[in-house]
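> Below you'll find the structure I mean.
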Amino acid sequence: MARKARQRISYVLPLANSAGGHRLGVNGLAVDPDNSILYSGGRDGVICAWNLHLDLNSGTNNVFDDTSKGKSPVKEPKTTIRQQVQAHTHWVNDIVLADNANALVSASSDTSVKVWRPNAQEVRPPQTIGLHSDYVKCLATPSPGSTWVASGGLDRKIALWDLSGAGKRLEIAVGEDENSSKGSVYGLAVTNSILASGGPESIVRVWDPRSSKQITKFVGHTDNIRDVLVTQDGDNIITASSDQTVKVWCMTAGRCMHTLTMHNDSVWSLYSNRPDLSVFYSSDRSGLVAKTDTRGCAEVDEGLSIALFQEHEGVNKVIQSGSYLWTATSNSSINRWVDVNFEKDIRLPEFYSYYRSRSGTNPSRHPSIQTTHAQSPPNDISKKELPPQCILRLSNTAPYPIYQSRDGDSAFRAALGNRKPSEVLLDNEPSVIVPYRAQPDFSIEGQNGLIKHFMLNNRRQVLTCDTAGEVMLWDLIKCVPIRSFGKRHLDDVIPEVNTTESVAHWVSVDTRTGSLSCVLEENHCFDAEMYADELDLQENIDFREDQRIIMGKWVLRYLFANLVDEEIKRDEAFRTRLLNSSKQSLQRANAPGNITIPHADINGWKDAGSGPTSASTIKATNGFPLLTPGLAIGVVTPGYIPTPSTTQFGTTLASTAEEGATLERTSTQYSQSHPRTSGDYFSAPPVPQPATTPGGTVHQEALPQSPVDVDKETTKEGNALFGKKFKMSFKMKGLTKTQTIEQPKPVVADEKSQDSDSQSSKTDERQIEDNLFGTIQKIRYAYEDQLEAMQNVVSSITPSLPNETPVLKLPPNTTILIQEDRPDSGGVSDLFEGEVGTVGMQADLVEKVAPMWLGDVLLRNTIPLKDIVKISFLLEPWQGQLPAIATDGNNRLNANRMLRARKILSYVAERIEPQPEKEDPGALRPEEYLELYCQNQRVPTTMTLATIRTHIWRGGGDVLLYYKSNGRKEIKHALPSTSSAVDEEKSVRSEESIGKKSEESTVQ
């Protein structure tokens, strides 16, 4: 049976209310021209839908025309937020529209592919349609109306997903035949007949999407292939690579036809909405976006390419619709740029237009210098002339552009000489590029996301820095910001707010999606504690002295507070139904409403005619007394209900693992009931022990106990590591088990055997699910057992009380995630996403996907048992001014890492001072007249052992502590005791302190 994947709980602290938008960079764009909607996917895991308020189907561009005539440009309406959804828990790497713009598919670094239907009547959160085993980098669809998409990722797999719910249609293993280690997929394009992919192996692979067979492959790039385009007929493929080139491949010729070099940096993105790719856009790492038009050209490199505009960061994605383009960069804002229509908006320079028209008929790829002054073809002078500074040379073999020069020889050399890619041919500065557009037409402003964080030593607060440079202090318990430090360097603020504490790791924090995400795992989320007197609470709660609160349990209790309330309501309804069904089962079906008792002189057994024919009860003469109707039904019905003393499910039934009270105890409860099992003085307050005689015999009135229980107890102590230590240290005759083992046991054993067999068969019939609903099942099965045993069915849902987990009012929009580890990929997958305010309404889903340990914490107030981390230390008097704590010279102790210094001083006072006969209310407490030192530093009374070791001792081995008097009280030395019980207690304390304390198995 495969082991269930480990599950964890995450919660995301909400940021300040904003107008909407991305908090981090944008990676994916998609546009719906019919509805004028722009979709964007960002590194914050958010997908946004924007209302553009533009006519994208007309293809006109009035903005440029008005400007060319000297008029003020017409301002288009502003883009506004339409919808926003937290689709993923990691970067969104790509998005694509499918199913006639009714489905938006997203690919993420959280290894999932999801579909979101924002136009549906009932808008639901994005649904997962498939998973990769590593980051998913790209998506492609054959047509806007297609009902399937292809995805590629770093797991070297290409998968085809059906959007109608059929799941994975096909999977392709890239480079599997060649054992390629660089088969990751960064670029993908697909038609109904072919699928082309590219990645770090620099090979363009072409596949058959119907059979997953590789058709061919193209080799030519020298670096990672970042994007791919395919013509609708599947004959030509265009690829963009980090080797600064764009290549055009021909399926018919089976080779590379053209290498375009208009970029001087890594080319990241390609876009074209034309079936033949005659006009396409390309962007690179430097932020340059180029537009290339090859219409009417015999060769691709004879086309026109211009530097359209320049972004400040690398352009991850460029997309065009109507007269506009949108760019996605590492900035959270999205810029809108006005496109250039080569046919309607501009006219080419005279020399460029002339040579372009002559290139198709000129037998030479490079026209002669004499032809440069020829008359150019007619051109519309009303249009603005395209500046030569923005024209890019498509390839090293391109015959133009050639600029007009006074020096014919220099022009000839410029035309024939070897020039660098993207070099603009200018009259005096031939290497300067001037983009055609200087400023964007509109900018969709993003928000400021968190990019850095620092966890304080108290592990309850975190410092963060956002993209604007603002430093903020957050409370991980209350899920709210505490204080803003303005725009400062994070390292300068840390010393101002950090504390001198040492708290166990209980939560993991990251800001990879621009928000503060906290992860709680079963293994360590219950390890950290804090003292109740350190809380800043508005309500007055009566806590015990030195009461500690488990931080992970505290947060979980109120993250799911609405879920707990819902489960309490469901539990009450279930118990009501159970009691009603039990009452109905005690009544005979179709029972008469009344029964008439016959007269005493009627004897129907001897005289059939003397008795009534109906509506009367015949009296038998067999000697049995007459019973009332209510009791008589219980006797004759097979469902006989015996008394609790005769049923095998009575109070003597042995408890199962889920019913027994011992396994349900928390660590604190266990410690209080077994205070001296660990030999740790500090684990719990003193508990009265049975009297011990000098001979070592323990006199105790023990409850009747079966020999089986004794055997179990003896075996447990003998096998455990700590039990061995007890055996070594406790050499007391009174603790031997020989007399108990010899007791007769046949009758009790038979009863236990019968109960065990019955309970085993019952357990086999009850299948308990391994999730939160499994906890509810165990509670409900216990109700059924209580009902069979004629016991009161009281609620077994016992959430923690406010004195154990003080009430928290978390922000209702705090996001809750239930995630599952994926061992095959090393990542996690999301099983549930909700919010604190609405998690109760999703109780059915939470019950299915949440782990059982969460149900135990929330509904039964129990946490997983775990060994306590202890610290060993030496306790000595300062310069011998006070007596030692032990007469035998053994002053080596160990205690819980959260033990405070004042508790140690109380222990010292108890050892070196005689116990007062009468308690004095006005007496000084030990921490008021005793002081504790470590490394010549006075230790504050509220400092814990863990903090002393980390911040003062700062070393390995046992911590050396000294105690001394401050003179406020005269200390009377306690007389040495000769009692054997005290000697044995010291022996236990000293021997248990020897060895590796980290291996001690103690339950508190």
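Each Cβ is built from the backbone N, Cα and C atoms, and glycine gets one as well.
Okay, these came from TrEMBL:
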| type | residues | note |
| --- | --- | --- |
| REPEAT | 19-52 | repeat 'WD' |
| REPEAT | 85-116 | repeat 'WD' |
| REPEAT | 129-164 | repeat 'WD' |
| REPEAT | 178-217 | repeat 'WD' |
| REPEAT | 218-259 | repeat 'WD' |
| REGION | 358-382 | region 'Disordered' |
| COMPBIAS | 358-379 | compositional bias 'Polar residues' |
| REGION | 660-714 | region 'Disordered' |
| COMPBIAS | 664-676 | compositional bias 'Polar residues' |
| REGION | 737-768 | region 'Disordered' |
| REGION | 974-1004 | region 'Disordered' |
| COMPBIAS | 983-1004 | compositional bias 'Basic and acidic residues' |
> Among 85-116, 178-217, 218-259, which stretch has the highest count of C-beta pairs below 8 Å with the repeat 'WD' (19-52)?
85-116
> Take the repeat 'WD' (129-164) and find every residue of the same chain, 6 or more past its ends, with a Cβ under 8 Å from one of its Cβ atoms.
93-101, 103, 105-109, 111-115, 170-176, 180, 183-192, 195, 197, 199, 207, 209, 822, 824-825, 827, 829
> List, by number or range, the same-chain residues at least 6 past the repeat 'WD' (178-217) whose CB is under 8 A from its CB atoms?
134, 137-143, 150-158, 160, 170-172, 223-230, 232-234, 237, 239-241, 243, 249, 251, 254
> In the repeat 'WD' (19-52), how many residues does DSSP call helix, how many strand, and how many coil?
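When I sort the residues of the repeat 'WD' (19-52) into the three classes, I find 0 helix, 19 strand, 15 coil.
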> Determine how many residues of the repeat 'WD' (178-217) DSSP places in helix, in strand and in coil.
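For the repeat 'WD' (178-217), the helix, strand and coil counts are 0 helix, 17 strand, 23 coil.
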